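Trainee: Annotation source Swiss-Prot lists signal peptide at 1-18, citing similarity to another entry. Under the heading domain 'Peptidase S1', Swiss-Prot lists 25-249, citing sequence analysis as support. Per Swiss-Prot, the feature disulfide bond maps to 31-163, 50-66, 98-256, 142-210, 174-189, 200-225; the stated evidence is sequence analysis. Residues or ranges marked as N-linked glycosylation site in Swiss-Prot: 44, 79, 103, 121. If you look up Swiss-Prot, you'll see 65, 110, 204 marked as active site, charge relay system, on the strength of similarity to another entry.
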């Protein structure tokens with residue numbers, strides 16, 4: 001475990017130079033230790049950092065652009081400098097994607113389903129988050145969380161995950177900010193129009209939880225982070241529930257939503 005802590009410290013230093021493509025939460029506060037039992041810390045020794053969400057004992061959901069070599073997945077972590085007895089580490093056994101082209105990760109299908117090499121055990125600091133059973137509603141209050149940058153562009157990283165609240169916004173608000181964004185995608189637009197709160201470098205792949213439901217995966221957004229009238233883009237999890245459930249059930253040839 002000492003090696004893990006050393007790697008974590010090196011990772012924080014290396015991430016000082018990361019771009020938002022590996023999107024901490026700006027404008028938030030330290031998460032309550034009991035509110036992120038499903039949150040996975042995903043990284044490798046090269047310094048690439050993402051988050052993920054445990055959806056059952058054997059599967060983690062994250063962003064496709066978080067794919068990396070030598071990936072390690074840590075569960076039950078709160079403070080990177082303090083070890084808990086129930087922390088668990090896994091590596092991917094299999095990875096599943098919906099991508100048809102590299103451009104999909106920008107505008108659509110930025111989703112990766114990971115089967116772990118062995119099931120994790122539920123504990124005081126580890127428990128899965130269910131998939132959504134309803135689509136998100138416009139204006140919903142949503143929770144974001146992660147170990148990413150808490151300042152931008154001069155990035156500072158925290159050893160604990162930060163949490164904050166944002167809202168689901170009309171899709172047109174994101175189209176107005178990001179030129180070339182298609183008229184329809186499987187993306188959620190979410191943020192605070194006045195700025196000051198946002199996901200940022202190191203948060204990619206983490207959950208967007210709206211009214212208690214896992215509705216989005218942190219995908220990408222404008223950099224520097226947390227600027228006014230620059231909401232973030234999140235993969236809409238509800239649209240992929242059939243695909244996810246089919247893969248988990250063993251139907252590895254399941255079709256992604258068009």
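Start at 1 and count along the chain as shown; that gives each residue its number.
Backbone N, Cα and C define each Cβ position, glycine as well.
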Trainee: For the disulfide-bonded residues listed here (174, 200, 210, 256), tell me which residue's CB has the most neighbouring CB atoms inside 10 Å.
Mentor: 200
Trainee: Which of the three DSSP-derived classes (helix, strand, coil) applies to residue 189 (disulfide bond)?
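Mentor: SS state of residue 189 (disulfide bond) = strand.
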Trainee: For the recorded positions 44, 121, 204, which Cβ has the most other Cβ atoms within 10 Å, all shown protein chains included?
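Mentor: Checking each of 44, 121, 204, the winner is 204.
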Trainee: For residue 110 (active site, charge relay system), name the DSSP secondary structure in the helix/strand/coil scheme.
Mentor: coil
Trainee: Starting from the Cβ of residue 31 (disulfide bond), draw a 10 Å sphere and report how many other Cβ atoms land inside it.
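Mentor: That number is 20.
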Trainee: Taking the Cα of residue 110 (active site, charge relay system) as the centre, which of the recorded positions listed as 50, 65, 200 lie within 10 Å of it?
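Mentor: Near residue 110 (active site, charge relay system), where near means Cα within 10 Å, the recorded positions are 65.
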